[in-house]
Amino acid sequence: MPCEGCMERDNVSTGATMEFLLLGFSELLHLRALLFLIFLIVHLVTLAGNMIIFLAVVMEPSRPPMLFFLCQLSAIEFCYTLVIVPKALFSLAGAEGSAISFLGCAVQMQLFVALGGAECFLLAAMSYDRYVAICQPLRYAALMSEGLCLRLALLCGLAACALALGLTAAVFRLPFCRSRRIDHFFCDVPAVLHLACTQSYGPELPLLAACVLLLLLPLLLILASYLRIAVALSSITSSAGRGKAFSTCISHLAITLLHYGCATFIYIRPKSSYSPARDKVVSLVYTNITPLLYPLIYSLRNKEIRGILRKMLRRKKMAQVN
């Protein structure tokens, strides 16, 4: 049954003529200049931090599996912020938000979901690495071979891209109401779904399926890995030995909690509980603050990263002296 007030759409004209308007933070006009400056500084620092981690690991000739996965994580976060933040800055530059085409909105959603999903799968792979390192240390080098790490990284990316493509296609096949104003600073799934002219819960099923596969499945794998780690640590009689083993997991646990805390709040809930103001605040955290914290957490907690950064600084000083 056609919905009242829906846009007329066809396969030829939709992508070419239809546009959305990202309202962003248009309700905070008096704070636009301050928000723009804060966003820009955080964005540049985030890009620099993740780029430094990425280059530091790439330039290291011998990379253990955890550093290999950390390099992938930094690359994902680097792309993640580039997909979201520039458009948010443009929306702050305009008094009434910024326009984005139908195709541009779909591409942004596809990239955002794919990168976020790849991060979820990568966090699961990193938890398996910690499980092998702590529970099977003698077989660690054999189990976590370079070939396995490459296959895991490739699988994470391909699976996330396929699921993101399916979710994006399902969302943008919906009939949208005549109001094209997205009360958000990017094309997030709940914000776009809110414009759909449907009264049933059918449009939420693809989002629910994506949440199960992209969020819940990796989370279950992470919990299973840490349950085995907890059992293994409980058999260690020395408190110093337990603390040393657990310290290798703290950075990964901190990032997992940050990532899943925000993602669960935004996506695992019914459409009826959608709140634009609340969602924008939480989205602001996981698209700007969280990627900024990742390099800080790993550079402070990971001794291999600290060692690589110290070597980079020594090389730079030697080059300046020479």
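Keep in mind that glycine also has a Cβ here, set from the backbone N, Cα and C atoms.
All annotation found in TrEMBL is predicted automatically rather than curated by experts.
According to TrEMBL, the protein has these features:
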| type | residues | note |
| --- | --- | --- |
| DOMAIN | 49-298 | domain 'G-protein coupled receptors family 1 profile' |
| TRANSMEM | 33-59 | transmembrane segment |
| TRANSMEM | 66-89 | transmembrane segment |
| TRANSMEM | 109-128 | transmembrane segment |
| TRANSMEM | 148-172 | transmembrane segment |
| TRANSMEM | 207-233 | transmembrane segment |
| TRANSMEM | 245-269 | transmembrane segment |
| TRANSMEM | 281-300 | transmembrane segment |
Inset, instruction - For the transmembrane segment (207-233) and the transmembrane segment (109-128), decide whether they are in contact, meaning at least 3 CB pairs lie under 8 A, counting pairs 6 or more apart in sequence. - result: yes
Inset, instruction - Taking the transmembrane segment (148-172) as the first stretch and the transmembrane segment (66-89) as the second, find out whether 3 or more Cβ pairs fall under 8 Å, excluding pairs closer than 6 in sequence. - result: yes
Legend entry - Range from 33-59, 66-89, 109-128 with the greatest count of C-beta pairs under 8 A to the transmembrane segment (281-300): 33-59
